[in-house]
Amino acid sequence: MLGMYVPDRFSLKSSRVQDGMGLYTARRVRKGEKFGPFAGEKRMPEDLDENMDYRLMWEVRGSKGEVLYILDATNPRHSNWLRFVHEAPSQEQKNLAAIQEGENIFYLAVEDIETDTELLIGYLDSDMEAEEEEQQIMTVIKEGEVENSRRQSTAGRKDRLGCKEDYACPQCESSFTSEDILAEHLQTLHQKPTEEKEFKCKNCGKKFPVKQALQRHVLQCTAKSSLKESSRSFQCSVCNSSFSSASSFEQHQETCRGDARFVCKADSCGKRLKSKDALKRHQENVHTGDPKKKLICSVCNKKCSSASSLQEHRKIHEIFDCQECMKKFISANQLKRHMITHSEKRPYNCEICNKSFKRLDQVGAHKVIHSEDKPYKCKLCGKGFAHRNVYKNHKKTHSEERPFQCEECKALFRTPFSLQRHLLIHNSERTFKCHHCDATFKRKDTLNVHVQVVHERHKKYRCELCNKAFVTPSVLRSHKKTHTGEKEKICPYCGQKFASSGTLRVHIRSHTGERPYQCPYCEKGFSKNDGLKMHIRTHTREKPYKCSECSKAFSQKRGLDEHKRTHTGEKPFQCDVCDLAFSLKKMLIRHKMTHNPNRPLAECQFCHKKFTRNDYLKVHMDNIHGVADS
């Protein structure tokens, strides 16, 4: 299942155009930015029928315009965060359009979108295409536009999915497949209710214009009232059920009478009746009608195939926030499982290597690496793998294909996630501000680490071998490998071993030539972000490291450390031949050349005198021959 992870630059809130959650911008989005790809199950067009909900479906076409398949994101287990982008009520309100690249669907910003704006999808019309040609967005659109398969897209669904939308709304541009759906649309969005038609909450008296809004409110209102009225809850003397409000209790009493001993178990009904015949009549009248009408979500009107699937679907309208990192989940179980990642406890150990884990299932998955059975063999290097996903990731290290390109610096990446992570370096907006100082950050987790390290001096994970402390347990585990010499990660190009995936990843760039970190001032690129940061200081002349003795400043910490030795007289680099000591390692290396009988000598072209170092030769030519080095 694809988790409902939402990138930091977006947030989930109640939609302004439909019931349920919508996707909003957490920062300004520029025209031409692209998001995706859209995730969903692949379905063939012939598997669809006109009773299905098309709002979360996209059609994927081949090079000749033929329909290859339908991407269906109806099931949250097979979708991603783009499922929360709703159809724009009209073309004027859209700020995104769908495009197809290869067999992937992406969402393209067709205008600059301000912060805290709901993202609404539409289709590209001819005016939009002409405007794109003028403003270079066509560099993003390589395979042509994708038509919208959602319910309100009148230009898309008529030709592709065989559903005629003959019932047009007189208030907006929407059209629908039946008069009943049109009537529901008018009542929900356009009709102002009369006093007698308002839907009123029996708990608090609050009124709502539509029934769906009331149903959502009741879930929250009942939970609040249960806390306030827990001391005076209402309990049924027949079945011992408790209720937080008198109205709910009275409604229950009508169905739960002492003389009603026949219980209806259909669809979790629970109604009690006096006789077997009454139960039979009830089931025929209530539970054997048109099943399609009973399996419709009251929030988004999605039609489900069974009561259990409807119950599962309703969970997507409940969003559970992690209070530690603000990630969002669609079920309490997912959130509970995620919270383990924030815990310091690792109670489950592997009895073979004593490695500890936070979850028992992780131990089971880990034990496979100790088994000799490694069914996934790499055909290129012969390396075996116990897990299929690890094998698939390994195969990518042999591939030169990088289909995902950054539009800012043209860097290429193998996966959408790698590209998305890289794009953070181009985002100039830092939305997370430290309350202790003026520092700002692009991600909240980076801000949290800053506060812990700088302001709280909070490094609670300490190495028992060297007493060095770290902010997170993962960094401590990586550090410990420097003591044990453990190097599990092997470079597929040269066989060199590394202690962590991060150092291996940086090393592999020396083989592939990948330099994803581009200098904004010049054309120079770097394989590591630290290298880029230090290089940028050559443009900005920034020297943040100052000597406390003489106020001399340096652009790198290493330069400051070397300079301090001129004040302390410390010379930690000693020659093992003649015991001379030096303050810098490069000075020791240069000195050792004098002990090498086979060393290359620098020769004067005028008098053929030889010198052990080039700088000695330069001084000689300047003083003796009057030739300055150019």
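Note: Cβ is positioned from N, Cα and C throughout, glycine not excepted.
Residues or ranges marked as domain 'SET' by Swiss-Prot: 8-124.
The zinc finger annotation in Swiss-Prot covers 167-190 (among others). Mean pLDDT across the zinc finger (167-190) comes to 56 in this model.
Look at Swiss-Prot and you will find 199-221 (among others) tagged as zinc finger.
Summarising the annotation, Swiss-Prot assigns zinc finger to 234-256 (among others).
What Swiss-Prot lists as zinc finger is 262-287 (among others), and the listing cites sequence analysis.
Taken from Swiss-Prot, the feature zinc finger covers 295-317 (among others).
Taken residue by residue, the zinc finger (320-342) breaks down under DSSP into 11 helix, 4 strand, 8 coil. Under the heading zinc finger, Swiss-Prot lists 320-342 (among others).
According to Swiss-Prot, the feature zinc finger maps to 348-370 (among others), an assignment based on sequence analysis. Secondary structure counts, DSSP: the zinc finger (348-370) has 11 helix, 4 strand, 8 coil.
Per Swiss-Prot, zinc finger is recorded for 376-398 (among others), and the stated evidence type is sequence analysis.
DSSP places the residues of the zinc finger (461-483) in helix, strand and coil in these numbers: 11 helix, 4 strand, 8 coil. Taken from Swiss-Prot, the feature zinc finger covers 461-483 (among others).
The feature zinc finger is assigned by Swiss-Prot to 517-539 (among others), with sequence analysis given as support.
Counted with DSSP, the zinc finger (545-567) comes out as 11 helix, 4 strand, 8 coil. Here Swiss-Prot flags 545-567 (among others) as zinc finger.
According to Swiss-Prot, the zinc finger annotation covers 573-595 (among others), on the basis of sequence analysis. Applying DSSP to the zinc finger (573-595) sorts its residues as follows: 11 helix, 4 strand, 8 coil.
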Under 8 Å between C-beta atoms and at least six residues away from its ends: which parts of the chain pack against the zinc finger (461-483)?
344, 346, 449, 452-453, 499-500, 502
Taking a Cβ cut-off under 8 Å, which residues six or more beyond the ends of the zinc finger (348-370) line up next to it in the same chain?
337, 340-341, 386-387
